[in-house]
Amino acid sequence: CRNHLTSMGLAIAIIFSSQTIVGILGNCSLLFHYLFLYHTEGRLRPTDLILKQLIIANSLSMLSKGVPHTLTAFGLEYFFHNLGCRLLLYVQRVGRGVSISSICLLSVFQTIMISPMNSWWKDLKVKAPKYVGFSITLCWITHIMVNFIIPVYGLYVSEKHSSKNITKKRDYGYCSTSDPEAITGLLFVVLIIFPEVSLSGLMIWASGSMVFILNRHKQRIQHIHSTNVSPRSSAESRAIQSTLVLVSTFVSFYFLSSIFHVGIALIYNPTRWLVNTSALTSMCFPTFSPFLIMTRDSTVPRLCFPRERERENPKPEAGSALSA
């Protein structure tokens, strides 16, 4: 039994460490790419600003969740006290919230920018790029303030009910917290679950609208593409595929992680298996998203292979609105 547990713990440690290393390297590489892009060109596109914030949020999630769980899997446990544990969970929630908001903002912005000039989005097409910076700042402030309520209220209620044994213990491996049952119900749903569900729904709607617009545009110029003998797919098709891949990956991983998050919040003393599974699913999107972005962002190959890209694409492509 000891050998089985040891081998199982080693396997979990390898999975956590591999996922953490790959995720941190991927996000840091993409962040360096955007910093280099800003240094060489002097400015970033609105979508680059949104993606940069997504990378920062993903990095926060990887560092605050991946590193502690990796250390715990290797046998180092309970190295955070109550205050440090709450602070770490706070950083995790802020990173997760900003990540969801960034994907939602990216989808809405792209939908506005690729919409036809005769649509009801036409007035926003000119104003939208100007408000991207403000929207990003608002996302950070909102999640910093909203998630700050939970640990503060938790400490307040914990002191108030310190003489009563009405707590739910959450063992994360690297630390454990005991929160009164009063803060695990309606407060968690209102401050955490409802905003995430709302943002995910808005993001799905915006992405669906974008796919519909691109597909309609593709049908209108189908006769142009029919005369093109190039083996490459059309720009609109590549844009639709990249959008579907990014959004479906986001929805899938965050839907699974939300289920485990709710389980941990509502179950009395959740098992270590549930905590580890929740952490692994939560880090899936921050780990893989930088590589998905690299495959869909035209600036990455343009910086790496400028001559080849100019030779292949001497003129702007029709579907380049996704990178606007």
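Each Cβ is built from the backbone N, Cα and C atoms, and glycine gets one as well.
TrEMBL has this to say about the protein:
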type	residues	note
DOMAIN	26-293	domain 'G-protein coupled receptors family 1 profile'
TRANSMEM	12-36	transmembrane segment
TRANSMEM	98-119	transmembrane segment
TRANSMEM	131-156	transmembrane segment
TRANSMEM	186-214	transmembrane segment
TRANSMEM	244-267	transmembrane segment
TRANSMEM	273-293	transmembrane segment
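Across the candidate stretches 12-36, 98-119, 244-267, the maximum count of CB pairs under 8 A to the transmembrane segment (186-214) is reached by 98-119. Sequence-distant neighbours of the transmembrane segment (98-119) (same chain, 6+ residues past either end, Cβ-Cβ under 8 Å): 46-47, 50-51, 53-54, 56-58, 60-61, 125, 128-129, 132, 135-136, 139-140, 142-143, 196, 199-200, 202-203, 206-207, 209-210, 213-214, 243, 246-247, 250, 254, 285-286, 321-322, 324.
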